[in-house]
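Annotated features in Swiss-Prot:
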type	residues	note
REGION	1-96	region 'Disordered'
COMPBIAS	56-96	compositional bias 'Low complexity'
DOMAIN	212-258	domain 'F-box'
REPEAT	336-375	repeat 'WD 1'
REPEAT	377-415	repeat 'WD 2'
REPEAT	416-453	repeat 'WD 3'
REPEAT	455-496	repeat 'WD 4'
REGION	518-561	region 'Disordered'
COMPBIAS	518-544	compositional bias 'Basic and acidic residues'
REPEAT	557-600	repeat 'WD 5'
REPEAT	603-640	repeat 'WD 6'
REPEAT	643-674	repeat 'WD 7'
Amino acid sequence: MATDTPPQLAGPPTPAMETLDRDVVMSPRKRRRLSASAEPELTEPESDGTSGGRGAAAEAPETAALEPKSLFNSTSTESSITSSSTTTTTTSSSSSIAPFLAKHIRDQHASRNRFAPADSSLPRRKADSKYCYRHRPDLKCRRQADEPTVDQMQRDLSTLSQNDQQSIAHFWSLFSAAPSKHRNLMLQGIVAQCCFPQLSFLSASVRDLIRIDFVTALPPEISFKILSYLDTASLCNAAQVSRNWRHLADDDVVWHRMCEQHIDRKCEKCGWGLPMLDRKRLKDTKRQVQLRAAGKEAVTGRQQQQHRPWKAVYMDRFKVGTNWKYGRCTTTIFRGHTNGVMCLQFDDNILATGSYDATIKIWDIETGKEIRTLRGHESTIRCLQFDDTKLISGSLDRTIKVWSWRSGECISTYTGHQGGVLCLHFDSTTLASGSKDNTIKIWNFQDKSTQILRGHTDWVNAVKLDTASRTVFSASDDLTVRIWDLDTGKCIHTYAGHVGQVQQVLPLPREFEFKHTSHCDDDRSDRLSGSESPDHRASHDSNHAPDLPTTSAPPTQPMSPLFEALFNEDRPAPPRYMLTAALDSTLRLWEVHTGRCLRTFFGHIEGVWGLAADTLRLVSGAQDHMTKVWDPRTGTCERTFTGHRGPVTCVSLSDSRMATGSEDCEVRMYSFKA
């Protein structure tokens, strides 16, 4: 009795195998034509008398059992490959599959190859030398399938016959062992033979699988860099993805950058700007943020609790900025003066006001109650300024007084002006004052010296010191604004353009940014040129008021050569931009170093008396009883506040508050805090 020979693992391909190879890439129509013309003949393997072929075939299904939890696991793949290669039922499948598996298993898993011993003399390549991060075997290529998917596949597989189970297991083993190029070719062949429902199934299955969690895969520094490009809404959405994403999206490194982009400036991307809360904290924690971005611990836990998270800072500033934008605020009215309020200033929880009734009142902002009244001047209080220790006031009685506002004591009195004192401004070492006598007086706190700046031909209504550049700005009833050198006492430049008495001048913070256009918005005739009319050219030391045209403003003078000569690397230049307000009902934005009027703000119907500004907005108060909030970059009026029953004579501004004083004897405080 003849016995069947065991299947051979190597040999020439049979007609059946050739037909199967053609069928992989053959269209269904061509396959039907070929099968009708030539039916392949299956030959029974020869017997060598050692074992029965049918018995080996019968054992194959039992030895090809699929391990459900390791369908795509490299270890289970190798065991499946070994089992499959030894239990193949036909010579054709054995002769084609086994060499393929042996070759590619040796290439990809040389250290655990069961087909041939590893050659220790060959240099081992790095695991990621041939693969991108998506296909690196040590990362993603041999990823474990999720439990529900594997269980469902096992249940579906168990419903098939043993031969079908073995065939599918062989196909999985073949695909698992194939390199990237072969896998792509196999997938192309499969996709080419799929019908539309099968393609739809593929699309739905792959949609979620191709998503990569880059936050987990990348180093924290790179993840921080990517997240820092998101806007606020996107960052909040990212924090909802997972715990790991939330941990990174809420980190101080990301929100510190967000605060830098928006707080105290306008973001170029979204157009939002948020008010500055505390500049000191930004400097103190800069080093800590850099260390955290580098993956290092910046501070101890106890120290870290002393600082608010930057996300909380942003949230607070965002709420305040939104309140400014939509005009949501609470109003507190301070009543106590018996005559019109002419000047005011507030800081933290203290408000100081000066009035026609010759008194200065100190108020508690939170309670709205008067703390004390400073008495000593004999006439109207036109100007005041205070810091932590002292308050300085100027009056129409021609004197300047220094007070201890906490105790109410008058420390000293300065005299020297020949007319009423209309304005003052001081820093740590210097006091500047302007008067009805058309002069500016500079008082030195340290050496008690004084200096007089002459050049204006009418009352000096406003002065502002710039400590860094050692300059002072002044505005006058002679329709001009001047900038002076404190070291020499000379006028550096005169700015002309208003057709009404200039009441206020305000240098903007150096952080203020303005997008320039090719020409001035309004006074195109005021642009600097080398050929000004001699009729409108005035000397810096002229003692006569310029001739005023009836239909247009006098042109600005060319920039003085002194400007470029004075300010260089050793001496900082003055702020680049300044604002002015005048009784011609307009405000103007100027470029200081060129003398150009960049923008004119129209909206008030009577003269403007009060002016305050920061990097985000400016506030003006006018004879028309109205207070307006403007965007300095666009020139648009964002909001108008009414309520005063008299002209608004003075205004003051902070990040979350605005105060206005009026001739109706009232002070109104608007709070935009969240």
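Every residue gets a Cβ built from N, Cα and C, even glycine.
If you count C-beta pairs under 8 angstroms between the repeat 'WD 5' (557-600) and each of 377-415, 455-496, 643-674, the highest count goes to 455-496. In terms of DSSP helix, strand and coil, the repeat 'WD 4' (455-496) has 0 helix, 25 strand, 17 coil. Sorting each residue of the repeat 'WD 7' (643-674) by its DSSP state yields 0 helix, 18 strand, 14 coil. Listed by sequence, the residues of this chain that lie at least six past the ends of the repeat 'WD 7' (643-674) yet keep a Cβ under 8 A from its Cβ atoms are 275-277, 316, 319-320, 323-324, 328-335, 337-347, 351, 353, 355, 363, 365, 606, 609-614, 617, 619-627, 629. Summarised by DSSP class, the composition of the domain 'F-box' (212-258) is 33 helix, 0 strand, 14 coil. Taken as a whole, the repeat 'WD 7' (643-674) shows an average pLDDT of 95 in this prediction.
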